[in-house]
Structures are given as C-alpha cells and as structure tokens.
Amino acid sequence: MSNAKILATGKSVPDSIFTNEDLEKMVETSDSWITSRTGIKERRIADENTATSHLSVQAAEIALNKSGIEPADLDMIIVATVTPDMAFPSTACLVQDKLGADQACAFDLEAACTGFLYGLRIASQFIATDTHKYILVIGSETLSKIVDWEDRNTCVLFGDGAGAAVLGPVENGEEDKGLISFDLGADGSKGELLQQPAGGSLKPATLETVSSKEHFIKMNGNEVFKFAVKVIGDTTEKALKKIDKTTEDIDLFIPHQANQRIIDSATNRLGISKEKTFVNLQNYGNMSAASIPVALDEAIEENLIKEDDLVALVGFGGGLTWGSCLIKW
C-alpha cells in the first residue's frame with residue numbers, strides 16, 4: 001500500500017466582492033462589528049447564473065493543468081458540497097461531463113465544512129489499495145444562495161468559492177510523504193446547531209417552508225463556537241498521536257476559515273503560533289467545504305510550504321462533523 005499525495009491544487013472564486021460596507025446598507029450591522037466578531041472583511045458572491053458545478057470545473061481545470069494530468073486519466077471525482085446544483089444528478093457527475101473525464105466514476109459527499117477532508121480520506125484509501133491512480137477532490141459551495149440576507153447573524157459569515165486537488169500515489173523513495181495521518185468524526189446529536197431545515201424529504205419545499213425561511217442556513221453560533229474550539233484541538237492531537245508527532249512538529253496549520261476568534265482560541269489551546277497558522281477568511285468569509293482547499297492552494301501559491309514540511313489541515317462543520325489530515329510535503 002502506498003500513500004496518496006497532492007499533485008496540484010487550484011481555486012476559483014466569483015469576481016463579485018461583497019464588503020462589510022455593502023452589508024451595512026442591508027442589515028443593522030457595521031464593519032467594526034463584523035470584523036471584531038469574525039475577522040471577515042469581504043466575501044465573494046456568485047451571480048444568478050453561476051452554480052456550484054461552474055466554480056468546481058474552473059478550480060479543477062487549474063489543478064489539472066498544474067498537475068499535468070489529463071481529464072481522461074482521472075479514475076474518480078469527488079465533490080464535497082452542501083450546495084449542489086440540484087438534488088440529482090450529483091454535482092460531481094456534472095463536473096465529470098464538463099471536464100470530459102469519461103473514465104472517472106463520480107459522486108458527491110456531504111460533510112459540510114469538513115467535506116474536503118472526508119474527500120481526501122476516501123481518495124487516499126482508493127489510491128493506497130492501487131484500485132485507482134488519479135483522483136480529483138473538490139470542495140465547492142455557493143452558500144450565498146441559501147443565506148438569509150435579512151439575518152445579520154448569518155449573512156455576514158458566508159461566501160462562495162471552490163478549491164480542487166489532484167491526488168496520485170507517492171513515487172519510489174517518497175514512502176514517508178503524502179497524506180500520512182487522518183482523524184475524522186461526527187456527532188449527529190448536535191445536528192440542529194447548524195442546518196438547512198427544509199428542502200429534503202423530511203420537509204419538502206412548500207409555500208409554507210419558503211415563507212418561514214426554512215431553506216436558509218440556521219445556526220446556533222455560541223454552541224458552534226464552543227464545539228469548534230474543542231474539536232479542533234482534539235482532532236489535531238489525535239492525528240498527530242497516530243504518527244508520534246506533536247504540535248511542535250507542525251510547520252503550517254491550515255484550519256477551516258470560519259471565524260478568527262475560533263482560530264485564535266483553538267491555536268492558543270494547541271500552542272501553535274500565528275506565524276504557523278494560515279488565515280485568509282478576511283477575504284472570503286466561510287466557504288464551507290471550499291474553505292480548506294482554497295486556503296491550501298493560496299498557501300502553496302505564496303510559497304509557504306516547502307519540501308518535507310508537515311502541514312495540518314483541520315476542519316469542523318455541520319453534522320456536526322470534524323476532521324484533520326496531516327501531510328508530509
């Protein structure tokens with residue numbers, strides 16, 4: 001069995017920038033209020049003609065071009081999203097068609113903001129067993145389409161975007177590199193803390209569900225905050241323990257970009273410095289499943305990761321779910 005490694009990454013975000021000042025004109029809020037509580041300054045918003053699959057394809061094409069892998073060489077496409085183009089077919093199948101990846105199986109997975117890490121875990125297992133060689137994992141969201149723009153507690157938080165990674169097996173002599181440790185978890189008993197109540201088989205769309213705004217994101221921010229700070233620390237330490245490492249061994253820590261206060265509290269608990277922590281949420285807000293792959297792509301583009309670095313990807317989200325992935329670069 002061989003480890004999987006990330007061959008290349010790519011990202012796509014909409015051109016439209018929606019600032020805190022723009023939000024001041026819509027709801028009772030202010031730039032200082034949003035910044036002090038979240039760290040977010042702006043977010044990208046997809047137009048009415050842009051769906052999750054469109055951003056996914058754009059990010060995927062960039063990652064494929066960097067990797068040198070042709071779409072026809074892909075064996076699998078995984079799209080992590082809570083905002084698919086439609087209930088079915090899957091967004092991954094739409095991406096497969098648009099890329100021309102006719103040899104790839106394709107499916108979506110839903111683990112909210114942890115989705116990209118779940119996708120990496122699945123892909124790494126298929127590659128490790130030599131049943132699949134090249135796998136495309138995408139985290140992609142158009143959360144602006146399910147945000148209540150009259151709710152100041154949630155509309156300030158979310159943005160749209162997509163990040164993609166092409167995975168393949170490590171080469172001879174690289175056996176100690178690649179995706180070397182994971183920890184994943186879930187607690188469905190806390191599902192109501194972060195949800196989109198209607199639109200599924202439990203509450204199909206009706207005039208009543210639309211008028212009562214049950215198709216928008218609902219969140220208990222205080223409880224999610226407490227959960228996030230604890231679970232970021234727990235999942236990071238579990239993944240490190242599996243490979244006999246500590247937080248001191250981490251060269252770059254890339255957390256889910258949800259809230260600056262969450263990141264600060266979690267990294268303080270872990271003893272990870274600001275210098276080792278990558279943050280870009282000020283530019284994008286919370287992009288759910290796209291958050292971590294977009295951050296990873298930007299960290300690579302900014303030359304913040306060098307050979308043999310230990311990189312930690314750590315996420316949490318609706319479900320509730322959480323996860324961590326350690327990569328020896």
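Quick reminder: no glycine exception, Cβ is built from N, Cα and C everywhere.
As stated in Swiss-Prot, the feature region 'ACP-binding' covers range 257-261 out of the listed 197-201, 212-216, 257-261. Cβ neighbour count for C113 (active site): 31 (other Cβ atoms within 10 Å of its Cβ, all protein chains included).
For the pair N286 (active site) and H256 (active site), the Cα-Cα distance reads 8 Å. The two recorded residues, C113 (active site) and H256 (active site), have Cα atoms 7 Å apart. Cβ environment of H256 (active site): C113, T114, N286, S291, I292, V314, G315, F316, G317 lie under 8 Å away, each six or more residues apart in the same chain.
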